[in-house]
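Read through the structure below, which is laid out as C-alpha cells, and then see the notes.
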Amino acid sequence: MAGPAARSPTKLMALQLLLWHSAFWTGQEAVPLDPASSLPVPQSFVLKCLEQVRKIQAQGSVLQEKLCATYQLCHPEELALLGHSLGIPQAPLSNCSSQGLQLTGCLSQLQSGLFLYQGLLQALAGISPELSPTVHMLQLDVANFATTVWQQMEDLGVAPAVHPTQGTMPTFTSAFQRRAVGVLVASRLQRLLELVYRVLRHLAE
C-alpha cells in the first residue's frame, strides 16, 4: 500500500514549501535589531503606526476566523501551491529585519508592501456577501496605514518622486480561488505586521 507521501505529492510539496517559508521567517524574526539603528523619528508617528497595526491585525484575524468557520479554509500552508500558481506575490522586508536597520529602506519596503496588499484585498472584492464588509474594512485600514507611512517618507524627504502604481492583480476563475487567496493574503499580511510591530516597538524604546 502506498504511503501518504506517495498518495498525495501535492500535499508533500505544500509541506516542503511551508517548512522553507517557516525557516525563512524564523530566521528573520530571530535577528536582533541594532540599537544604533534607532534613527530619530517622531514618536507621534511611531505611536500612530502601532495603533494602525493593531487595528489591521484585529481585522485580519476576523477575516481568517470567518474563512475558517464558514468555508473550512483554516490552514494557509495547504494553499501555498495554489497561491504560487496564481502568482500571488509577497512583500519583502529585508531592510526592516537586518541587524543594521535601514529606516528609510524599511519605510519604503513597508509602504510598497502595504500598497501590494491593498491591491490584493481589492482583488478579493465580491469574495462572498458575508465576508465582503470585512475585506472592505481591512482594505481601508491598510490604505490608511500606507498613507501614514508615505506621509512620513515625504517628511523625511525620501519619498519617490512618483507615487507607485498598482501592478497586475490576479484574476480568479472560481469562488474557491478567491476565498483561498483571501486566506493567504490575510496570513501573509499578519506576518508582515508582526515584523513591523517589532520594529516599531524597537523605535519606540
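Even glycines carry a Cβ here, placed using N, Cα and C.
Just so you know, TrEMBL annotations never went through curation; they're auto-generated.
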Going by TrEMBL, tell me which one of Cys74, Cys106 is disulfide-bonded to Cys96.
Cys106
Looking only at Cys49, Cys74, which is named in TrEMBL as the disulfide mate of Cys68?
Cys74
Using a 10 Å cut-off on CB atoms, tell me which of the disulfide-bonded residues Cys74, Cys106 is the least crowded.
Cys74
Between Cys106 (disulfide bond) and Cys74 (disulfide bond), what C-alpha distance do you get in Å?
31
